[in-house]
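One structure is given here, and the rest of the page talks about it.
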Amino acid sequence: MSKFAPEPTDEICINTIRALAADVVGKANSGHPGAPMGMAPAAHVLFSRFFNANPKNSKWYNRDRFVLSNGHACALQYILLHFLGYKLSMDDLKQFRQMGSLTPGHPEASHTDGIEVTTGPLGQGFSSAVGLAIAQTHMAATYNKEEFELINNYTYVFTGDGCLMEGVASEAASLAGHLQLGNLIVIYDDNHISIDGDTAVAFTENVGMRFEAYGWQVLHVDNGDSDLEGIYKAIAEGRKEKNKPTIIRLRTTIGYGSKQQGTHGVHGSPLKADDIQALKTKFGLPADQTFYVPKETYDTYGLIAKRGAVLEEKWNKLLSEYGQKYSKEHAELTRRIAGKLPDGWEKSLPVYKPADAAQASRKLSEIVLSAVVPVLPELVGGSADLTGSNLTRTKTMVDFQPPSTGLGDYKGTYIRFGVREHGMGAIGNGLAAYGGIIPFVATFMNFVSYAAGAVRISALSKHQVIWVATHDSIGLGEDGPTHQPIETAIHLRAIPNLALWRPADGNETSAAYYWAINAKQTPSVLSLSRQNLPNLEGSTIEKALKGGYVVHEVEKEDLTIVSTGSEVSIAVEAAGKLLSEGIKTRVVSLPCWLVFDQQPKEYQLSVLRSGAPILSLEALSTAGWAKYSHEQYGVPEWGASAPYQKIYEKLGITGANIAVVGKKVVDFYKKKGGEVVSPLVKAI
């Protein structure tokens, strides 16, 4: 592919993309026609000359990955998927941005066939693409042999000014440069337009120089509207560079061919009918037909699809030959590609007795990782510059680093993310999306808030990313209220399809990991303590896997205290003090709301049953607890800088004070009279 060879169908294919983008957005009366029209030449050159994928098997492992980071150009991606023969019909294009369609307002992974990662929130796709590139680099280093280059795909990204303004993309780009990811090629749609107008109003930096400083190869194509050979040569040059990621600054005209080309008027609004007709006439297409695709365009992209099918067939043969020579590696690789876990891996999980020493749940997490990492090579992850605090790097791990640095190698499974929490979370999404990897990422619980956009995308996309979030409450002590996450847990609990685990002891920590590692379509956040926690009577992995269970049972109770994490042992202490006053108290541990809510209603009502008031206790905001309790006790204000015991005393989160609070609750409901019905008994 050293020389560009123009094809007679190039122009008609590009013009078809431009006109179809106008039609798709026009019918929806919503969307962004400009970027797809401006990027049509680059898209056509990339897919017709370079891109390797098989639409008949969109999960072929060695396919090239394409990420449309500037999600406002999503009509372009849908059009390409349709041309190539993915499961996306012309009727689907006509349903763009309609409820229940396969063409939602922005590309969504796990929703539309052929979409690798969810984009839309700017910068997320770019950053996830770095994760895809890291995954390929790691898997290639782990399984490729000299005569078997099994895993050698590229990750291609279309990005725009908006993505490059976002901090998350800067974080990921910086790390990509350090890691020397030569398999990552970004095409930057430099059209000088954002929603507010010309980028001159807010974005005037030299992007090329910035990326050179990151350690990227920077290439330039000054005429992205028609210089197909220039686009071709830049992509080919990017593929040659093996030790740097590449960004190609492609100067384009947004909305090319329309009356509003080059203005922000074509950025986020449909073209008018007369403009679309004039556009089609200019491009030699029938002006009176909508959603028109010439046979030549379908034929051209049909050949691209056939090329991909042939490549996969050759790859499958190579994989089979690899298995004959390297049976152990073949078995492990194919198991990982299939998303299966090794038989019996869970037997390595630690199990605890009440007499075992109290330990911080962050330390219990380290013990789990030390036990399971040797049997789960798919666990790949790291920390945002808090390794010594998060306790996430086990003794058997090697750092994932360019071999030339002498700091590790690409087979390494521990990633030094640096102080880049948001980028780390988005990169984790890319690692999960690639396949064969279960990523874990770590920081303080409070700083998961920095990465909230990426966490949300994980949950929406069904990416199995495991967050190890230590220092999870006022219990972190002296670092003070800037680091004490009062509101973070309820934020995360409110995100659909996100499991927040707050384990109370060793068995619950093992259970949290067991669930998270098995949850193929749900991300998890493990909220872990800095302070030591005792191992509880009545706690088991099996019970904790239900998300909630009775840790201290009594019959004909006067009160139930429901709690999580470091406060469960305080609740048990309070129950003992209450018993001395004749108040019988049950204690429920509720380590994961999401998992508990998935249990049969009968089980839920056996745990949080009617008959006595329920008091919740957590050293966090009480928001959300009314769903499970009649009364709530927690942290109504910011924390403080002090040893954690003093902060707990100041806020009344001690066994003695919770006993006083519990007695008040019991007295109130006795005086109130009537049946006390579980909060879980509801009409809807």
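The backbone N, Cα and C atoms fix where each Cβ goes, and this holds for glycine too.
Remember, TrEMBL labels are computer predictions, not curated facts.
Worth saying up front: this structure is predicted, and the values here are computed from it rather than measured.
Per TrEMBL, the feature substrate binding site maps to His32, His267, Arg362, Ser389, His471, Asp479, His483, Arg530. Taking a C-beta cut-off of under 8 Å and a sequence gap of six or more, His471 (substrate binding site) has these contacts in its own chain: Arg362, Ser389, Phe444, Met445, Asn446, Asp479, His483, Leu528, Ser529, Arg530.
Marked as thiamine diphosphate binding site by TrEMBL: His72, Gly120, Pro121, Leu122, Gly162, Asn191, His267, Phe447. Sequence-distant contacts (6 or more apart, same chain, Cβ under 8 Å) of His72 (thiamine diphosphate binding site) comprise Gly31, His32, Ala35, His106, Gly120, Gly160, Gly162, His267, Gly268.
Per TrEMBL, Mg(2+) binding site is recorded for Asp161, Asn191, Ile193. In the shown protein chains, 27 other C-beta atoms lie within 10 A of the C-beta of Ile193 (Mg(2+) binding site).
If you look up TrEMBL, you'll see 359-535 marked as domain 'Transketolase-like pyrimidine-binding'.
The active site, proton donor feature in TrEMBL is assigned to Glu421. Around the Cβ of Glu421 (active site, proton donor), the same chain contributes Ala384, Thr443, Phe447, Val448, Tyr450, Ala451, each under 8 angstroms and 6 or more positions distant in sequence.
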Cβ packing number for Asn191 (thiamine diphosphate binding site), 10 Å threshold: 28
Which listed residue (Asp161, Asp479) has most other Cβ within 10 Å, given these are binding-site residues: Asp161
Maximum Cα-Cα separation in Å among residues His72, Gly120, Pro121, Leu122, Gly162, Asn191, His267, Phe447, which the record lists as binding thiamine diphosphate: 34
Distance, Asp161 (Mg(2+) binding site) to Leu122 (thiamine diphosphate binding site) (CA atoms, angstrom): 9
Distance, Asp161 (Mg(2+) binding site) to Asn191 (thiamine diphosphate binding site) (CA atoms, angstrom): 8
Inter-residue Cα distance where the pair is Pro121 (thiamine diphosphate binding site) and Ile193 (Mg(2+) binding site), in Å: 17
Overall pLDDT for the domain 'Transketolase-like pyrimidine-binding' (359-535), taken as the rounded mean: 98
Additional residues surrounding Mg(2+), by Cβ distance to the Asp161, Asn191, Ile193 centre under 8 Å: Ala35, Gly160, Asp189, Asp190, His192, Ser194, Thr199, Ile254, His267
